[in-house]
């Protein structure tokens, strides 16, 4: 039972739990092995391969934390385990960016953004967040550094966490906008008396719901991290000998916050994607898309963007293309629809003759 009192010599403040790291190391290893199997089975290394890598990071991080639990005065083990465990969640967000991109490829006519720009745009921001995150953790947890260096590390980590929350909110907004467009199209088709089950839209909805759940788990974890580090930066940061332990937030003094709001949430996220793998709902190729009827799958040329790479970063929504009409040339699904209509009309004429 935790007392919330400082354990002399501990770089964790408390005496770390010795059983929990073993459980989470094994759990993440098992989930990671299942992700390896799914990547092979679904041929989805590009889509969900990051989950395998993150499982390795988490497993290694908890192994080192277990070692640190028996040597809680060892600063190096503390820094290594913290960096490994902190590095994985932003990469899980990157995996979600890729998954959303593939979802948008499946119904490109409803996408507010070129599907290929999701990963590039949000991935670039995630790279910045990861750099801030890594440097912030390394500086903030190293109590052997001068106070100003530790303060800089905490500032970097605060910035990374806030940016991460803002980007996550924009990401979810993009997914919701796409989802609403799909729902309106489905309702319109149903109102037209088509009478067919919209299997394609049902698959999209299932994939999006998994994405929402994953984003919520990562978002709650990020809020926890923000609360944790806001409490750390009160006063002079980490607790030091001679200070009053009660002056620290309970988030720092009790280890169970970490196991519930960090380790458990991320494990649930891994198992969620195991259970509801995106390839259960999406085709293997990004060139396979859903026809406008919401039922038929069509093989197309793919959603291409001939603009320079730097321009796709500056203008991911291709607003300039919308203004001058350039984006219309890329709407291959409209061309496919016109070709299909022409064939049906031609068959009708031949039948009459």
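Including glycine, each Cβ sits where the backbone N, Cα and C put it.
In TrEMBL, annotation is done automatically, which means it is predicted and not curated.
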Message = Can you identify, from 47-64, 191-208, the stretch that TrEMBL calls transmembrane segment?
response = 47-64
Key: Dominant neighbour of the transmembrane segment (118-139) in 20-40, 47-64, 76-97, 159-178, by Cβ pairs under 8 Å   = 76-97
